[in-house]
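Trainee: Provided herewith is a single structure, encoded as structure tokens, for subsequent inquiry.
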Amino acid sequence: MKTFVLHIFIFALVAFASASRDSAKKIGSQYDNYATCLAEHSLTEDDIFSIGEVSSGQHKTNHEDTELHKNGCVMQCLLEKDGLMSGADYDEEKIREDYIKETGAQPGDQRIEALNACMQETKDMEDKCDKSLLLVACVLAAEAVLADSNEGA
């Protein structure tokens, strides 16, 4: 019994450490063009919001509009370089395909429904940088809510 409890504890610790590590990562840092997009916008990694900050919405209250816009421009750069966006226009089908490939989501998955809702919510925005950050923030917030609801289930 003690061994079983120890295994449960270790599993929980690893899961918590993994989630903490992911939330500390910078948004977009997993993409190949991350350094290029930072350089194109004269930013450093210190200027970019963390995944945890964005998924919790803290980025909106802890930073000025210019910081929000600059982070959005890096996100737009990444989306454009990956062929998912051109200017302020999404390629919704490519975004969906890329998201499914990255997350392993299956048809009917709530994460895909959340992605679709986020694209719908932001599709009419004209500023490409603000639009990109809002899309990323919307998806990260939805994923956090879904993860929390799945843990409680």
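Residue numbering: from 1, along the chain as shown.
A Cβ is built for glycine as well, from the same backbone N, Cα and C atoms used for every other residue.
Keep in mind it's a predicted model, so treat the numbers as computed, not measured.
The disulfide bond annotation in Swiss-Prot covers Cys37-Cys77, Cys73-Cys129, Cys118-Cys138. Feature annotation from Swiss-Prot assigns signal peptide to 1-19.
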Trainee: Considering Cα atoms only, can you say which of Cys37, Cys73, Cys129 is the nearest neighbour of Cys118 (disulfide bond) among these disulfide-bonded residues?
Mentor: Cys129
Trainee: Between the Cα atoms of Cys129 (disulfide bond) and Cys138 (disulfide bond), what distance do you get, rounded to the nearest Å?
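Mentor: Distance (Cα to Cα, whole Å): 14 Å.
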Trainee: Please list residues from the chain of Cys73 (disulfide bond) whose Cβ is under 8 angstroms from its Cβ, counting only those at least six apart in sequence.
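Mentor: Once residues fewer than 6 apart are set aside, Cys73 (disulfide bond) is near His41, Lys128, Cys129, Ser132.
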Trainee: To the nearest Å, how far is the Cα of Cys77 (disulfide bond) from the Cα of Cys138 (disulfide bond)?
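Mentor: So the alpha carbons of Cys77 (disulfide bond) and Cys138 (disulfide bond) sit roughly 18 Å from each other.
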